[in-house]
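Written below as structure tokens is the structure these notes are about.
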Amino acid sequence: PPGNTGRAPGPPDGGWGWAVVFGAFVSIGFAYAFPKGLAIFFKEIQDFFGTSYSEVAWISSIMLATTYGAGPISSILVNRYGSRPVVMFGGLLCGVGMISAAFCTSILQLYICVGFITGFGLALNLQPSVIIIGKYFLKRRPIANGLAMAGSPVMLCTLAPLNQFLFDNFGWRGSFLILGAILLNCCVAGALFRPIGAATVKTQVIGEGKDALKGKISEDATEVRSPKNVLMENKTEEEEGEKDCFEKINQYLDFSLFKHRGFLIYLIGNVLMFLGFFAPIVFLAPYAKHTGIDEYSAAFLLSILAIVDMVARPATGIIANSKWVRPRIQYFFSFSIAFNGTCHLLCPLASNYTGLVVYSIFFGLAFGMVCAMLFETLMDLVGAARFTSAVGLVTIAECCTILLGPPIGGILIDTFGDYKYMFIKCGAVMVLAGTFLFIMNYYNYRMLAKEEKERKTKEEDPKSVRTENEGKNNWKKDTTQDGPELEPLRVEKEEVKKEINGT
């Protein structure tokens, strides 16, 4: 059924929710890990088409940017149809895109098939998977998010050696055909996203009774309208039409979030962070090959990163759910981003394979910490009710820096002929983003505490309470002095209420 037909009174925090977590584990895993796993084929595709590092990097960059940029479309579809059909359709698009890419004859065609079509399919997998976890979990939500986000390192750990094996046996074209078939498993994962039960029949009956009551009152009210009221109604028809237009837009995307202080801080910090977030993973295997390491050892670096990431995400979810961290989870998120950037700044010091293994371990730990809290911190700021719109608005803003990050890294490599400048750029940007978020979240917490203190002071002030009560009493007095002509309406209203209570 459509996602807007009703919701359960509260998240079950278990039960079928763990099956939903498993489906999100698979769906999120493909959405995050697949663009990184394709880096195994970049060196061969570059030689096949005779392109530069930056041109090949656009494949993953366009795919990631489409995955994030299509966030609002995915959010609108989830609000309209629910998570299950959206994820199943996204899995079908992923399969079609990769199978079509196996027959491409130019790098531009790869941009379209792998970048746009497969990227859009991954977008329809990512957002619904994150959203439905927020509907099934509340108390255990950080743990559920951590387990679901662990799908990315598990898939990356599997895809890195699998892609190298497929390339050695079938070439990059045959590998794309097989990967397209594997991506169809997203349809199976989406089938697990059973919507939470709809509202009860009693609520629907009461709603119908209220509609009937409104209908009767409006019919009788037309008899007692004055000419002045008629003029006022005609005057406000255009304003109501404009309000209806904005209400229809806000039904799918809540643009009032741009007035939310915490949301704006999160958005600016994340947009800056993604400028250096994905490029190190995209170029890790090519960097290892550039230093003279064999292909399987270079692919194994991604597996090491993924194994550490696999452990780091659930562990981070458990730590974030503790009573010491959860009230100030934004600080923990800021530290994770700065720690990630520090790892990239130290990467050029790794001059041999052992150094790259150590870098992969720390990078996997830092990457897992950031990804485990990426959406949990957003839900902590805006709440579950506005989370669907918040995800869509954040992802479309992030897609610009995600699109530019890997190609800028490729340009630095082509210009200087050395990978260290790309790692330094990514590290500096992420340290700056983590510092910005830490300072601004400190300011936000201070402002929230100040506003809460002012609210309590206002409630405890007897003068403000007295004036508020006087206002309520005056309003009640005004509403009861309607005159004798509205007495039949009140009688009919009470009769309708009795009928509703009876049913």
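Don't overthink the numbers, they just go from 1 along the chain as shown.
Backbone N, Cα and C atoms are what each Cβ position is placed from, and that goes for glycine too.
Curation does not apply to TrEMBL; its annotations are automatic.
Among the features that TrEMBL reports, transmembrane segment is placed at 15-35 (among others).
TrEMBL lists 17-445 with the feature domain 'Major facilitator superfamily (MFS) profile'.
Feature annotation from TrEMBL assigns transmembrane segment to 56-77 (among others).
Per TrEMBL, transmembrane segment is recorded for 89-122 (among others).
Annotated transmembrane segment per TrEMBL: 143-162 (among others), in sequence order.
Sequence-distant contacts of the transmembrane segment (174-193), counting only residues of its own chain at least 6 positions beyond either end whose CB sits under 8 Å from a CB of the stretch, comprise 19-20, 22-27, 30, 34, 41, 82-88, 90-92, 94-99, 101-102, 114, 118, 121, 125, 128-129, 132, 163, 166-167. Here TrEMBL flags 174-193 (among others) as transmembrane segment.
Sequence annotations record features per position, and here TrEMBL assigns transmembrane segment to 263-284 (among others).
Sequence-remote contacts of a segment are chain residues at least 6 beyond its ends whose Cβ falls under 8 Å from one of its Cβ atoms, and for the transmembrane segment (296-319) they are 33, 36-37, 39-40, 142-147, 149-150, 152-157, 160-161, 163-164, 281, 284-286, 288-289, 325, 332, 336, 353, 356-357, 360-361, 363-365, 367-369, 371-373, 376. Feature annotation from TrEMBL assigns transmembrane segment to 296-319 (among others).
For 331-351 (among others), the entry in TrEMBL reads transmembrane segment.
The transmembrane segment annotation in TrEMBL covers 357-375 (among others).
The annotation transmembrane segment is assigned in TrEMBL to 387-409 (among others).
Residues or ranges marked as transmembrane segment by TrEMBL: 421-443 (among others). Within the chain, the transmembrane segment (421-443) has long-range Cβ neighbours (under 8 A, six or more residues past its boundaries) at 265-266, 268-270, 272-273, 275-277, 279-280, 283, 330-331, 333-348, 405, 408-410, 412-413.
Annotation comment: TrEMBL describes 452-480 (among others) as compositional bias 'Basic and acidic residues'.
The annotation region 'Disordered' is assigned in TrEMBL to 452-503.
Taken from TrEMBL, the feature compositional bias 'Basic and acidic residues' covers 487-503 (among others).
Through the fold, the transmembrane segment (143-162) approaches residues 17, 21, 24-34, 36-37, 40, 129-130, 133, 136-137, 285, 296, 299-300, 302-303, 305-310, 312-318, 320-321, 364, 368, 371-372, 374-376 of its own chain, all at least 6 residues removed from its boundaries and within a Cβ separation under 8 Å.
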